[in-house]
Each structure stands twice: as C-alpha cells, then as structure tokens.
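Peer 1: Here's a structure for you.
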Amino acid sequence: MLQIFRGSPALSEFRLNQLAVRFQKANLPVSACYAEYIHFADLSDRLTEEETAKLDQLLHYGPTLAGHDPVGHCFIVIPRIGTISSWSSKATDIAHNCGLNKVNRLERGLAFYFEFDRTLSSEEQQRLVSHIHDRMLEGIIHTPEEAKVLFDQQAPKPFTTVDILSGGRQALENANVELGLALAEDEIDYLVENFTALGRNPNDIELYMFAQANSEHCRHKIFNADWIIDGEKQEKSLFKMIKNTFEKTPDHVLSAYKDNAAVMEGSKVGRFFPDQDGQYRYHNEDAHILMKVETHNHPTAISPFPGAATGSGGEIRDEGATGRGAKPKAGLVGFSVSNLVIPGFEQPWENPVSKPNRIASALDIMIEGPLGGAAFNNEFGRPALLGYFRTYEEKVNSFAGEEVRGYHKPIMLAGGIGNIRAEHVQKGEIPVGAKLIVLGGPAMNIGLGGGAASSMASGKSKEDLDFASVQRDNPEMERRCQEVIDRCWQLGEDNPILFIHDVGAGGLSNAMPELVHDGGRGGKFELRKILSDERGMSPLEIWCNESQERYVLAVAPEKLELFTALCERERAPFAVIGEATEQEHLTLHDDHFDNNPIDLPMNVLLGKTPKMTRDVKSKTVEGSALDHSQIDLKEAFHRVLRLPVVAEKTFLITIGDRSVTGMVARDQMVGPWQIPVADCAVTTASLDSYHGEAMSMGERAPVALLDFAASARLAVAESITNIAATNIGDIKRIKLSANWMSAAGHEGEDAGLYQAVKAVGEELCPQLGLTIPVGKDSMSMKTTWHENGEQKTVTAPLSLVISAFARVEDVRKTVTPQLRTDKGHSRLLLIDLGEGKNRLGATALAQVYKQLGDKPADVVNVESLKNFFNAMQALVAEQKLLAYHDRSDGGLIATLAEMAFAGNCGLSIHISALGDNDLAVLFNEELGAVIQVRESDLSYVRDVLSQHGLIHLTKELGEVTTEDRIEISRGTKLLFSQKRSELRGIWAELTHQMQRLRDNPECADQEFAAKKDPENKGFSAHLTYDINEDIAAPYIATGKKPRIAILREQGVNSHYEMAAAFDRAGFEAIDVHMSDLHNARYRLKDFNALVACGGFSYGDVLGAGGGWAKSILFNPMLRDQFSEFFANPNTLTLGVCNGCQMVSNLAEIIPGTDAWPRFVRNKSERFEARAALVRINETNSLWFQGMAGSHMPIAVSHGEGRVEFKHDQQLQMLKDQNLIVAQYIDNNLNPTEIYPANPNGSVEGITALSNQDGRVAIMMPHPERVFRTVSNSWHPEDWSEDGAWMRLFRNARVVLE
C-alpha cells in the first residue's frame, strides 16, 4: 500500500528566480511557481499512529514546511519508472534502522505547482517539463497517487534466443542492431561458427555478454591490432609500444598491465588503522602506491551528473580492487568540451555549431559533470586534488581538410592514487570450490550496454540505447564496500579476499567471467542469488546491467564466515552467487525457470576472437602562419585570461573535498590568498611521516591538429615540468598513465595515433627513463547527426592526457607558484626549453583569434628536458627556490600573471633577451619554467643550472614588486602595464559567471568582489598559546590512556584522521560503528569520551546528520545509552561536521543545549570545500581551554553548515549563555557573514558551539584534518610538526586526567 507525506519547500528564492528567467526566455506564460518535496512510502501493512508520527518526523528535514496548501497545476518529478534512486536506497535503510519495518521502500518526488497566464499548448508543456527534469533519470506525473507505478513489481521475464541455426547470419545481424551489440563483421562470423559447432542457438544474454566482454571498451582491439600504414606493415601494435617503456625501465614497478591499477614502490611508513581488537595503531610497513586513470566520456555526454559521478566511482573501485584489496587515497579529474557559450558572456572566438538533442551542451556538461564527479568523491571520502579543463570547438584546416574539430563528445577523466600492502600486490589463487561473491548494491535495470555503447561513435546507436546506458551513483554504498575491503586487507595474511575485480562496463557479464578466467577457472552461478531490486528483470538485465558500487570476489570457503561478519558490521550487502570450477566453462542457472540462460565454454566467450588489422594512410597538413597583424597585446592577454584552459577554475575546485584523510600536503589552492595554481598535488604517505606521493597532469590536444607526435611529446613533458615542483629525486621514480582519445577511422587519425604512440612509447619515454604501466583508450571521439537533411560532424582532436605519479621524499619541500615579497631581494629566471623557437601554432593565443597557425611547440631537446628535471630536483631538495611555475597554456605572460596572483604582488618584466616578436615571446607555449630565486642564492642556482647544461637556456626576466601592477618592457619601451587586481578580476570572470549560473548569485558576486579587492590581506594566524607545547605530555607519561569511541555510521569517512589526532593526544582510540552499539558489541559506558566523525552518514538524504540522529532517538536502547553518557559529568563529547549535525539533532537528550540551532543547507546551495579563518572566543568549553583570542585557518568541507534557529530568541540565548566558541572571520579579523570567508552564511559567522557545562562541543570545520602543520593548505612558516588545532585534542586529554 502507498502512503504519501508532504515534505519541505525544495527550491530557495534564488532557484525559483532562476527558473522564472528560463521560462521567460523560453516564452512560457508562467506567472507563479512553487516547489516542495513529496515522499512516497510503499508499505507492507498499515502503519500505527505512532509509526506514522515517527515516519513523518523522519521525513521532516530541510526548511520548515510552508503553512499553505500549494495551488496551481501540479507536475511531480519522480525517478524514472523502473529505476530506484540512491535517495530511496539510503532513506529506506534509515527507516529500517529506526525500526520501521513495515516500510518496504521510500521514494521522493519534487512537486512543482505552476500558475499560468493562459492554457499551455502540448508543445509548451513539453518545453516546460524539459526545464524541470532530466529525462534520462526522471519522469513526470500529475497526481501523487500515480506514484504507485514506482513500486509495481513485474513477473520475471525469461531469456530469448536468436535462431541462427535456421536464420543463419542474418538473424545475428538483426539482433546486433536491435540489442545495440556493436559487433564487428568478423565477430558475427565468429559467433555463427562457434554456436553452429555447439549445435544450438545463442541466448540473448550470451550474445550480450560476448558483446560487452569483447567491446572496444573492454578489449582495446585497436591498441592490440596489427597495423599497415601507407602499405607498409608495422612491426609493433600500439600496446607493444606502450609496453616497451616497461621493458626499457622496469625500475620500481611492482605490477603493470594485468590488474585494475598499476602498482609502484612506495615508502616505509606507519600506516594507521584499527586492529582486530578495535584499537587504532600505527603499523610500520611499505605503503606501495597504486595508480589508475579512467574515462567516462559517453555517459557524461548523455547525462553529465551521473555520467561523471559513476566515472569517478568506477575508477575508485578499480583502485580498491587492485591485488587482493587496496585503499584509494586521492583523486584527479579532467574535462574537455566544446565552447561553453555562457549566456551574456559569449566570447569572440565562440561561434558554436549546433548539437544533436541526445547529448548535453558543453555548458550543461561543465555545470553538472564536475558536480557529479565531486559529489561522488566527497561522499566516498576521497580528496580531489588535481585536474584540467579545456574547451575547443573550431572550424580548422587540418589533416582531413576543413572541418569542425571539438569535443561534442566530451572527455571526462577520473583518476587517482591509493596504497596497498606488499603482500597484497599480486592476486591470489582461486581454488576449485572458492565462493564467488558479489559485494555491493542490488542489480537494477540501468546502465545496460555501457561498454558497447561507449565503443560507438556518438550517433551510431539508437537514442533509447543511449538512454539505457546511463548509470546511477550511490557513493555511500561504495564507501561501505570499501570499509569491508579495508577490514580484509588490514588482516594481513588472514585477508579472506583471494581475488577481486570491480564491476564496471558490462556488469556481472564482464566481471564474473573475467574473475574466474584470470584465476584459470570456470564458474557455476545461480542467477536468482544475485541481489536484485526489480523482480521483473530478464536474465539478460540481471546479469548485464551496470548497477554501480559492486565488486566481484573469490573467497575460500573456510573464510566465508569471517567475510560475512565483516560485511554485516559495515552493513554492506553481499551475495554468494556461485563457485569456481576446475573446468573452464561458464554455467548460469535460473532457479525460477529451471533452465540455463548461459552454458558456454570460456574459450568461446574470451577466446581468440578475430584480431583486428588497421590498414590506413597517413596525411600531412600545411597550416598557415598565425596572422597577428591585427592583434593588440593587451586585448590578446585579456582574451587568453578568459579562455577556460587558462582562466581561474575555482568553480571546479571548491565543490570538491580537498582535506579528507588528513594527508593532503598540497592541494590546488596556494598561499594566503588561496589561488588555484598549484603545479602538482602532494599527499603524505601516512599520518606520521613526511614521505608522500605526488600527481601531475599534462595534455596539449590542439597541437595534434598540426602535429600528432608533438602533441603526445608535450603531454608527457608537461606532466614532468609540473611534477618537478616537488621532491622526488630520480626521474625513474615517476610513472605515467596514458589516456588516449581518438576518432578512430576518421581521415588521417589512425596513422596519427600510431605516430603519437610511437613518439612516446618507442622514443621519448625510454630516452627519459619513464614507464607507462597503466592507461586507457577511448577510440570513438566523434559526434554525427542530421539537421535539416544535412549530416553534421564534430570530431575531437587526438587527445593524449598524461597523468604522472611519483613517490615523494619530503612533502615539505614542495615549491608553489606563490611569489614572495617577504624574502628580501630576489630575481625571476626563465628556463626556456623551447630554445628561443617561440612557436605559436595551436596556442591559446591562436585559439582566441580563431586561428590554428602552422608550427606548434615541441620537445626541442630530450636531454635538456631530463637535465631540467634533475636541476629542479637539486634546487628543490636544497630549498633554493622561492617559487616555481611551469610555462604552459597561455604562455609566459599567463605563467607570470598566475605567480603574481598567488603572491598578491606586482611584476617588472623585461623581455629583450627572449626574442624579437613580443607576441611570440609572451604567448608561445614551449616547455620551460619560471623560478624565483633569492639574490643571495643566485650564483648557487646558476652553478646548478650550469652543471646541468641549462645556463644557455636561462634568461633573467626581472623582479617582483610590492605594487598592484604588472609591467612588461622591451628595453626602454613599456609594452604592457595594468593593475594586477584588474587582471585578477578578468582571470576570475569565468568562475564568477559559472557560479552565478550554478550557485547562489549573491554568493558568487561577493566572492568576485573579494578577489578583485586590492586591499585583501590574505590569511594570517595568531595563537595565544605555544603551538609547540604538549600540555598532555605529563599525563601521557603516566601510561594511562582514556578510551575514546571514534564513532561512525555508514557513510562516515573522516574517522581515520580523527582517531590519529586523539591517538597523538594520548587516547586509546577505538573504532566504534553504530552497528556495534546496535548489536551490543560495545557500550558507551565503557568510554571516557565520544567523538562523532565527519562524512555523509546515509548520504545526508534526510538532512545532514538527521538520519543518524533519528536512528538513535527512535531506538529506545540507543536513546537510553546516549542519554546516560551525555548526563555523566565525567565524559566528553565532540561532534565534527556530519558529527556536529548529528549531535545537534540529539540536543533534546544533551543537558545545556536548549539554545542550540540545527544546521541546514549552505547559503551558496553548494558543497563548500575551503580553508577558512576562525577566531576562538572566551567560553567555558573544556575543549578550547587556553585558545581564546587565537585565530587560524581550518579545513571546511560541508554542504549543510548554516545555523538555523527554531525561534528568534535562540541566538540571544546562545550569546547570553556564552556558548559560541568559534566564528568565521574575514581577512581583517572581523566576524563575517560574507562569502566565502564565511563559507555557509551562518549568522555572525557561528561555526562552533559548546553546551553549558563545557563538556560537549560541536563544530562544522575539521580540526582533525589539520592537526599536523603539513596538512594545512597554508600555514605560517614557523609552525613545526604540530598544527594549531592539535591543542584541542590535548585539552581533552588534560581534562580526563
């Protein structure tokens, strides 16, 4: 039965205003609009009054429900029929954990009420609906009762067969089109031959499974193909040339080409995690480094948010499923799209081609896609520390003549690093009888055919098949699964996982055969054992769907009980669906129909399918030199600063958590003004060392329109000039991931791809000593469609994205682009690896003037590049560089401007020594870097450059000033002069425009004003206590350790760093999951202190922290336990971020909290990840003793941190009772409500509160993520190991003595 509950208002005033503007532009006669959430409960039986009240309370979150009955025409947006939203999965979990067991499922809709000036036509209705829902993910109904269709269960469907025995090849050709299999001609022949030999017809599920497992996406046929170019047979395949890098330089690589990610040697450090007794401890061992970079281009083109989200999720699973289980650590992301054409901010180089209806626009992709990728990383608990963003769309004369080149099919790149134990690097053996398990969420009828669909050029598959290949994300589920994997690898030799793969393209139809095949086994499977949320699915849909957040594992039968216990504790769903067999044969039995939908020898599925041969011709291109006769230097610089590849990208950065783990040593934001210009990302290898890992990226795709090989060489070289800013040592420590995107089959592109791979794999990388142990290819980067009877095509340039990964010796030595004005006299030097060639082909300058040019930059001298890296490493190690920034997109002028922005300083630059042509000198994108050197170190630095054969490439540029002005001169002639603050504003315009479209425009305007303010003083810190004094030391010396419960719920992700901070303060930190309290494995009375940790409990679906709190309040046993703990005067409680929200929701059982507010959505309506300044007030909080009067930065990472009071008197009560412990302050040190100094809009900057007796504290920012100095994005140079926030944890230790 269905019960309906009204929810809170769903759209704020500014969101409704944005909608009104869109309706006006679309000429829709909407006079009024209101929207609220509506909840649908599918019940097994009628609820009692008490149960109804409980469920009603549970579904009360967000702003208070409007007191009126809405009027107007009702349009209710619901999840697409036949799918289950991730909101539903998590909300239903909460209901069950609150004892509401009659609830089969909860689902949520968004009810719009419109008033119209006149009756809408059906065409206008369609247009209206397109503005309020995503047809890929959602549907529309008009009455709440119609939502019953969401819960309808169908009878199971049987498989179908394709009659090739009588219908022959034609029958299979028809099935190929109808099922969207993307089978090649020779594969059709192969299947007809093999099934004829087996004497039976194939089932649809078998064909589908074959198509997924053998798609270009999964099998990389082009990279494994034989090649004939211009009639000449080539010696090696593309993949062999990539593998050549490993053959030439195998140093430090532990696993390559055979697993979900590659592994290289890491550092020996203290890895921090709980032992089987629950206590967190350091474990001194090798933390080897794994690396992986994936693309998710096709799903992102179709539906950007879930496409990018599941792209990140799939890559995270690849890392976790490496070896016998590993831990993902930090992520990177990248986007290439066509021109944005922002309304009201159109640029002179943008004259967009139209696009097919089935794909999203570039602007929509860049609004929704990054939010999807960030949301997944945030909720999973992985910091996103690195990225690139390029736009390109231009009619150019390239290898195939004049045509439109661009990214209508976007690149969405997701990658990262993780750590793995030495004994788990290699996968184990799969014994006969091993249990074959699916870990993770249920099968759903979504994401069908992603592998095959992404292998087709966009436009070749039917639109409804594109529709079917969109996936759905549930990162909180993936976090639960990862916690299980963590518990397994933490057992060391007792790890129950023998073999593990993630479930990606093709679903179980690809993952399970791969698992058993890689283990040299076959498998017997039971279809109906697979967890499924939809009874009516056919065998094909159950086996082949791409439901996310799943892994397949082999576990020895004797370890099954242990594995089961670990899953139950983490509330991670799993199912034993089969056993490994001696015979390499795959059988899938269906208990419902008592038949075998699959019954195939493994060698038919994964055997020697026909090998591809590419017989292609190479092409040449004659570009025309850049015409710069009409180009004005100032205008050119302004245009380049607005080009997305150069422009400030804060809008892509602050949406992503960059502090979770407590091990981030270098994120994108640099210096006291937090400017996003870091060259590389750096993490510490553990919470107790300065060893670490670094990541950087390189890509120069437009260059491939003139020279394929040069583009590939530059991508590799740029990744090296970026990562050179940190302390690596030997260049052989750097390992690369190569992601190749190409429009295979497009004129000239195949031969060009071969040239590019050869340039990198056979030549440049071996010469530099670099290895490419991992990578990915996407070979269908072309979009075709028909418009007004005419075929249109947009083809991407050959795009190689290189991601570089390396072990770091000492993360503290990383150099940033921030120019320093506080270090005495200094000089700026350019190391010009372009050797004065100053080529302008395919540069940002060319692009903003709608040109391509002729000669692009290239690697001029490989030996100089290697020497450059070695010289920078010597200078970084000796700490002789004040600042470093490589030359890249936008050229030298952009490099210098970014350094000045980071240093909030001026420049006086002289370019006479760099060449005769001003534009070529300033805008060429040849390799190189600018360094800032103290005057007193100049001769030492010149000596090092001389020893490395670089002094002839080193040019003095001028000096740094304290003025608000950037000046560039040639001799006595002033070429350029403008205020730095004005240029800073131009550079920030892109972010401002994107934030205004996507977020609260008022917040966007406030941030834009702050960026342009020449008086902005940047961050500072002042402590009223000695940062180096360990006030807990005398108590630790007694050997006594108070016990603290490091409390987490499903979806919490900040518990490791929290435990580490308390461990350092002398506590016995115990890992306590809410399931432990439910099942009485622990009781709170056995602890002296309790900390509720940050993250996304239940994915924040019923209000941040709300579901977690209500699972306590609505459970009598837990309610009593927490009430007793809070009432005990000898205990301490801390709630941070999600824990803060949760504890605030428990105020009714915490003494002295009557004045506490609750925490609601940020004013910006966006997840905010920033460093922010806070001031500590004088209160009686035991947690903040001795800290009053201090101000310092802290990590902020939340979407719902704004305080909301029940009534106006509450704020005054807080002040009267003196419970406001900390406030956000601006750079002038005043409490503020201005964004982004106050990232959530809380009144008076309130961000931390105490209860009346000082024992309980709640705070939204994260002290545990910055308890070490090294993990602060910015900090004063005189801070040593302990950060300013370590005092809070030591205060707690002193109190509990």
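Quick reminder: no glycine exception, Cβ is built from N, Cα and C everywhere.
Keep in mind that what you see is a predicted model, and the values were worked out from it rather than measured.
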Peer 1: Suppose a student reads Swiss-Prot and sees ASP679, GLU718, ASN722 listed for Mg(2+). Which of ASP518, ASP533, ASP858, ASP886 should they find annotated at that same site?
Peer 2: ASP886
Peer 1: Please state whether DSSP places ALA309 (ATP binding site) in a helix, a strand or coil.
Peer 2: helix
Peer 1: Looking only at Cβ atoms, how many others are within 10 Å of the one on GLU718 (Mg(2+) binding site)?
Peer 2: 26
Peer 1: Run through the Cβ atoms and count how many others sit within 10 Å of the one on ALA678 (ATP binding site).
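Peer 2: Total other Cβ atoms inside 10 Å, all chains included: 26.
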Peer 1: Given the binding-site residues GLY307, GLU315, ASN722, which one's Cβ is surrounded by the fewest other Cβ atoms within 10 Å?
Peer 2: ASN722
Peer 1: Rounded to whole angstrom, what's the largest C-alpha distance between any two of GLY307, ALA308, ALA309, THR310, GLY311, SER312, GLY313, GLY314, GLU315, ILE316, ARG317, ASP318, ALA678, SER888, listed as binding ATP?
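Peer 2: Greatest Cα-Cα span of the listed binding residues: 32 Å.
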Peer 1: To the nearest whole angstrom, state the Cα distance for the pair ASP679 (Mg(2+) binding site) and GLU315 (ATP binding site).
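Peer 2: Taking the Cα atoms only, ASP679 (Mg(2+) binding site) lies 23 Å from GLU315 (ATP binding site).
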Peer 1: On the three-state reduction of DSSP, what should I expect for ASP886 (Mg(2+) binding site)?
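Peer 2: DSSP call for ASP886 (Mg(2+) binding site): strand.
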Peer 1: What three-state class does DSSP give ARG317 (ATP binding site)?
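Peer 2: Note: ARG317 (ATP binding site) is helical by DSSP.
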Peer 1: For ALA678 (ATP binding site), find which of the recorded positions GLU718, ASN722, CYS1137, HIS1262, GLU1264 come within 10 Å, Cα to Cα.
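Peer 2: Cα filter at 10 Å returns ASN722.
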Peer 1: What are the sequence-distant neighbours of CYS1137 (active site, nucleophile), meaning same chain, six or more residues apart, C-beta distance under 8 angstroms?
Peer 2: SER1054, CYS1093, GLY1094, GLY1095, SER1197, HIS1198, GLY1201, MET1259, MET1260, PRO1261, HIS1262
